[in-house]
C-alpha cells in the first residue's frame, strides 16, 4: 500500500543508511583520538633517552595534525547527523501520514458499503468503528515509519561496524 510513496521512503532509508555509516565511522575516529592521547601521555614517562624524545616529538606532530582534523570531524558530525535525522523522520512521517489517510479512506468506504444490519450488532456501534478506524491506521503508520527507520539504521550501523572491524583487525 506504500507504493505511491516509494521515493519518499527511499530517501528516508538512504538517510538512515548514511546516518548509521557516519556513526560507525565516528567511533573509529574517536578511538584514534583516544589512542593518540594515550601515546602522547604514556611515551614521555617511560624513559628520557634522545630516541624517545624524538619519537615523542613525532607523535606530538602527528597528534597536532590529527587533532585538528578530528576536531573538525567532531564538530561537523553532529550537524550532519541532525540533518539526516530530520530528513529521515520527515520522509517517514510524510509517507506514514499518506498511508494512514489512504487506509482510513478505504476503510471508511468499506464501512459505508455495509448493510444496515451490520451496524445493529453491539460490536459495530459508532464508537467501536471509530476506534477501529483510528487504531488500525495508526498501527500501520508506526510500522511503516518509526520502526522501519530504526530497523534500517540499526542494520546499517551493524553492517558498517562489522565491515570496519574486519578492515582494522
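Glycine residues also receive a Cβ, built from the backbone N, Cα and C atoms like all the rest.
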Among 75-96, 97-118, 119-140, TrEMBL lists transmembrane segment at 75-96
Beyond a gap of at least 6 residues from its ends, the CB atoms lying under 8 Å from the transmembrane segment (75-96) belong to 2, 5, 8-9, 11-12, 15-16, 18-19, 22-23, 26, 140-142, 144-146, 148-149, 153
